[in-house]
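If you look up Swiss-Prot, you'll see GLU107 marked as active site, on the strength of sequence analysis. Feature annotation from Swiss-Prot assigns Mg(2+) binding site to ASP11, ASP106. Swiss-Prot lists 7-188 with the feature domain 'UmuC', giving sequence analysis as the kind of evidence. Annotation source Swiss-Prot lists site 'Substrate discrimination' at PHE16.
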Amino acid sequence: MTKLRKIIHIDMDYFFAQVEEKANPSLKDKPFAVGGTNPKRGVISTCNYIAREYGVRSAMPTAIAMQKCPNLILLNTDFAKYKAASAVIRDIFYSFTDKVEPLSLDEAYLDVTDVKEYKNSATLIAQAIKQEIFNKTGLTGSAGVAPNKLLAKIASDINKPNGLYVVTPKQVDSFVKDLPVKKLFGVGKVSQEKLKSMGVETCLDLQQLSLATLVDKFGKFGSSLYNYARGIDNREVNPVRIRKSVSVENTYLEDLKTLGACLEKLPSLYDKLTSRMTEEHYKSIIGIVVKFTDTKFNKTSLTRVAKILDKEMLKNLIIELHQKRNHPIRLIGIGVKLGEIDDKQMDLF
């Protein structure tokens, strides 16, 4: 019999903005956002909940955010400050268990299956972690507790901010049936639209499709979809996860018709990328990459050997890649390759 796992997903609330709010308490009752300080070309990185009441959202162009909230305060990003807070939070995670899988500065999975303290209760452990984070940083985070990573991550988003949501093994079936398929790990806009065209919008809808049908339509991912629709996820919390890359991308509502329009997106993408990188990532950079998807869904990318994350090199890659395109751009992605440089590895790029 498979051992029942106890997984916690911690997601800090409006992390960058909350760190800024803690550093400057006068912001607490004002709508403000981090990033996107250029009112014409900027893009919001994150914002506090007061700003969200006006309709301001992450990844929103600053011009639109200012229309929705004319008195919105814009702050420059301060990644040194965010990384310092993240380091404290990560140390707290490791004080509870060695089985920690960081996903970014403000998010991590913890496997507490074998933790004997707190009556071996994942719920009590999650409460204790949240309290310890608040005691040491003054920051709040939301936690999801479940038998696997898939459900824990979904659960952590339910009672934000400063929330805790528990999915017990007996609740899995009832919990997943009404979930929109877009909540499932690996389901992006393309997969979501494809499923919708098949009459699938919820996990209950997805459960009606056979494994053979899903594999036929989605390949290897079809098998995962079959399991996810039933709340099954066998992925382990990987405390020694070796990442081969860190990347970010954005799909734009308005097609980018000029090189200048593409270059204007680089600062916000760069900020988003650096926010996802840890100190270890910076030490193991072996290359940088830029990719485009155009309005005809053609995908192209360029990679260069590099030992540092160089914004100017990213800019030059965008310029070079843009020269190869015949159609407006809909998606831009940037990232870094991680590992040890050797000729064979670079050929794989």
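Including glycine, each Cβ sits where the backbone N, Cα and C put it.
Listed recorded positions: ASP11, ASP106, GLU107; maximum Cβ neighbour count within 10 Å falls on ASP106. As a whole-number mean, the pLDDT of the domain 'UmuC' (7-188) in this prediction is 94. All protein chains shown were included, and the count of other CB atoms within 10 Å of the CB of PHE16 (site 'Substrate discrimination') stands at 27. Distance noted between the C-alpha atoms of ASP106 (Mg(2+) binding site) and PHE16 (site 'Substrate discrimination') is 9 Å. According to DSSP, the residue listed as 'active site' is assigned to a strand segment. Recorded residues GLU107 (active site) and ASP11 (Mg(2+) binding site) have their alpha carbons 5 Å apart, per Cα-Cα distance.
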